[in-house]
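Summarising the annotation, TrEMBL assigns domain 'RNA 2-O ribose methyltransferase substrate binding' to 34-112.
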Amino acid sequence: ASRELWSSGESDSKARRRLDRRALPIERTKGSEILFGIAPCALALSQFRRDPFRLFLKQSSGARRLVMSEFVLQATARGVPVHHVQRRELDALCRGQVHQGVCLEATPLRFKSLEEAEKPDLGDGESPNRQLIWLVLEQIQDPMNLGALLRSAYFLGVDRVVTSQRNSCPLTPTVSKASSGAMEVFDVYSTDDLQSFLKAKTAEGWEVVGTVSKPKDVEDVPVISCLEFQWNKPVIIVIGSEGEGLSLETQLLCHRMLAIPPGRVLHPGIESLNVSVASG
């Protein structure tokens with residue numbers, strides 16, 4: 001009997017501990033989303049492109065404690081309430097993503113309309129005659145790929161990124177995290193008629209350059225190695241979806257197609273690069 005009582009007490013204790021480990025429910029503001037990660041949250045607070053509602057921080061020590069103190073200062077300056085919570089609450093807020101001890105509840109970011117991109121802002125120190133380069137994405141669906149694409153485009157100096165609206169990934173917190181926060185500072189545009197957009201840019205004197213992993217799959221459009229590519233006019237580089245590449249309709253609007261030559265004879269089944277790596 002004593003053994004049974006001891007066993008029952010042990011079960012109750014385990015049940016209490018399981019209850020203690022459950023995340024406390026945190027009510028979300030209607031229409032908000034949860035941004036997570038140090039870079040996305042810090043840039044979102046500093047850029048004023050989102051409306052922030054609440055900042056959630058995990059108590060930290062050492063070097064991370066200084067980072068959290070900076071977050072408190074940022075949030076206080078913008079009048080954003082700061083909540084110090086346990087890791088389990090942060091895990092629940094961002095559904096188990098890598099949050100680095102920081103979550104920010106804020107309004108979502110949206111794609112900008114293409115009309116807003118018709119007159120590029122070259123900046124104060126840039127020549128108005130320099131060659132523009134825009135990156136166009138057709139049906140990129142993976143948020144990790146889209147984030148990595150935006151990070152590379154921002155770092156390498158792409159002037160504009162335009163995505164097709166159909167079958168494309170929206171600007172989610174996962175995209176922001178994968179972009180290391182580049183999405184928070186870099187405008188992304190979208191169009192519901194990619195082919196008409198490319199035709200219009202061609203009429204304006206832009207060169208439209210597609211991309212392909214297997215040159216033999218392309219008809220009626222010259223294919224060159226990206227190592228040989230040079231341009232002397234504004235250029236649009238079009239990247240296709242992860243599985244299918246560029247649609248035939250888009251391919252036929254390209255003046256040239258670029259291919260990346262492999263460094264060895266490739267084993268069947270490993271014949272292409274990840275779309276974000278190839279774009280970089």
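Numbering starts at 1 and runs along the chain as displayed.
The backbone N, Cα and C atoms fix where each Cβ goes, and this holds for glycine too.
Whatever TrEMBL says is automated annotation, not expert-curated.
Small disclaimer: the values here were computed from a predicted structure and weren't measured.
Remark: secondary structure over the domain 'RNA 2-O ribose methyltransferase substrate binding' (34-112) totals 32 helix, 20 strand, 27 coil, with classes taken from DSSP. Per-residue confidence over the domain 'RNA 2-O ribose methyltransferase substrate binding' (34-112) averages out at a pLDDT of 91.
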